Amino acid sequence: MPGYMPALYENKMTSSGENLLTAIVPLMKLLSLTVIGLVLAHPKAQMIPRATFRLLSKLVFALFLPCLIFTELGQSITLQNIALWWFIPVNVLFSTVIGCFLGVAVVLICRPSPQFNRFTVIMTAFGNTGNLPLAIVGSVCHTKHSPFGPHCHSRGVAYVSFAQWVAVILVYTLVYHMMEPPMQYYEIVEEGTEIEEHLISGVSRPLLVEAEWPGIEEKETEHSKTPFVARIFNSISSISQTTFPDLDLAEGNSSSPRSIRCLAEPRVVRRIRIVAEQTPVQHVLQPPTLASLLAIIIGMVPQLKAFFFGYDAPLSFITDSLEILAGAMVPSVMLILGGMLAEGPKESTLGLRTTIGITVARLLVLPLCGIGVVALADKLHLLVQGDAMYRFVLLLQYTTPSAILLGAIASLRGYAVKEASALLFWQHVFALFSLSLYIVIYFKLLAYI
């Protein structure tokens with residue numbers, strides 16, 4: 001009996017140390033890959049030029065990531081699973097809404113320049129729900145003493161992929177319009193004042209712009225870099241009327257016949273229609289999204305699924321080939337991240353206080369809110385019972401830094417491009433520490449929620 005308590009204490013300490021290592025080692029693996037990318041892309045070494053990293057990002061976007069999503073999601077998804085996984089996309093909405101409230105709090109506390117108010121809210125609210133969570137899941141499941149049981153990687157990738165389509169729709173609709181240049185700033189540019197940020201299209205774009213949306217320069221339209229929504233709903237200048245002739249509503253013209261005026265489209269409805277027509281919803285159908293849709297369709301039809309997945313499947317050689325390609329996704333993403341960090345932070349006029357405020361809200365405060373949301377959902381029996389990976393992915397949605405895709409949207413809209421680049425750089429640097437902290441916490445909490 002006298003030797004029992006020391007032995008028990010020693011076992012607890014050993015178990016605690018193993019849990020700590022299990023949580024930290026996966027991030028150390030990802031950090032090693034990132035450092036390799038940083039060294040290869042560093043301007044002093046110049047072992048690999050920036051153009052190579054751009055080509056690698058295109059391969060990830062168009063090939064490696066779709067292959068990973070299709071092989072893992074298609075194998076895991078069924079009609080029953082869709083009914084069980086409904087909280088995953090809903091959780092993305094919860095994290096975005098809570099992030100918006102935190103962003104408003106950062107604006108009120110840190111008081112950035114008025115032209116960066118919307119930018120502050122966006123960068124706080126929208127996190128990385130794709131490449132980085134997939135890399136973390138892959139690294140965690142590659143650990144010898146993973147706490148998530150069998151088929152850890154397949155389930156984790158399937159959960160992350162199932163959430164991606166919601167985030168993509170939000171980015172290409174809501175974020176696209178929220179990132180338009182402020183009206184007052186744009187009017188100054190038109191009057192002839194030279195502002196360097198307005199001319200960013202002529203400057204070499206940072207690597208982060210193409211890290212998650214290669215070929216963005218081909219997506220620019222006539223109104224990409226204009227305050228389109230503000231002009232339509234305010235109609236405050238003669239330029240607005242000439243640029244958007246659709247706003248010349250005929251309902252106020254007394255010479256029009258009464259019957260035509262009665263049938264005229266209401267002004268507000270017409271303006272909403274114009275905004276909807278200019279929303280780039282076609283960009284939602286990118287290769288990763290198409291891979292998700294194809295995987296869901298095939299997974300829901302057992303007859304189709306039997307052709308692609310399984311040892312005896314007639315087309316199993318195709319899925320095996322795709323799995324080989326999918327294996328390159330995680331190392332490629334981390335190498336690209338290292339190449340992005342090698343460029344260093346750009347000059348920013350956002351201000352140190354606001355930068356710190358956004359980083360603290362996104363990386364430290366939001367994960368605490370996520371723990372509360374997931375614990376409450378579990379208490380209400382909204383989650384899959386006994387699935388630790390399911391809960392881990394839900395918690396990760398609150399923990400990642402701002403989405404790199406926001407840098408691409410900023411470049412496309414010509415709004416806060418340098419500020420987005422600098423903020424994403426510092427967030428990803430500090431995320432190394434915040435992710436380590438919270439993954440340790442999550443591993444402890446998963447025993448209770």
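Here the Cβ of each residue, glycine as well, is placed from N, Cα and C on the backbone.
Feature list (source: TrEMBL):
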| type | residues | note |
| --- | --- | --- |
| TRANSMEM | 20-41 | transmembrane segment |
| TRANSMEM | 53-71 | transmembrane segment |
| TRANSMEM | 83-109 | transmembrane segment |
| TRANSMEM | 116-136 | transmembrane segment |
| TRANSMEM | 156-175 | transmembrane segment |
| TRANSMEM | 290-310 | transmembrane segment |
| TRANSMEM | 322-342 | transmembrane segment |
| TRANSMEM | 354-377 | transmembrane segment |
| TRANSMEM | 389-410 | transmembrane segment |
| TRANSMEM | 422-443 | transmembrane segment |
Could you name the stretch, out of 20-41, 83-109, 290-310, with the greatest number of CB pairs under 8 A to the transmembrane segment (322-342)? 20-41
Per the Cβ filter (under 8 Å) with a sequence gap of at least 6 from its ends, the transmembrane segment (53-71) is approached by 37, 41, 130-131, 134, 157, 161, 164, 207, 210-215, 286-288, 290-292, 294-295, 319, 322-323, 325-326, 328-329, 332-333, 335-336, 339
Distal contacts, the transmembrane segment (354-377) - CB-CB under 8 A, six or more residues away: 87, 91, 94-95, 98-99, 102-103, 105-106, 109-110, 112, 116, 120, 123-124, 127, 348, 383, 391, 394-395, 397-399, 401-402, 422-423, 426-427, 430-431, 434, 438, 441, 445, 449
Within the same chain, where does the transmembrane segment (290-310) have neighbours whose Cβ lies under 8 angstroms from its own Cβ atoms, ignoring anything closer than 6 residues to its ends? I mean 6 or more beyond. 65-67, 69-70, 73-79, 82, 161-162, 164-165, 316, 318-319
Report, as numbers and ranges, which residues of the same chain sit near the transmembrane segment (83-109): CB under 8 Å and 6 or more residues beyond its ends. 117, 120-127, 129, 159, 162-163, 165-167, 170, 354, 357-358, 361-362, 365-366, 369-370, 373-374, 377, 382-384, 390, 393-394, 397-398
Using a Cβ cut-off of under 8 Å, list the residues of the same chain at least 6 residues beyond the transmembrane segment (20-41) that approach it. 47-48, 50, 53, 135-136, 139-140, 142-143, 145-147, 207, 330-331, 334-339, 341-343, 432, 435-436, 439-440, 442-443
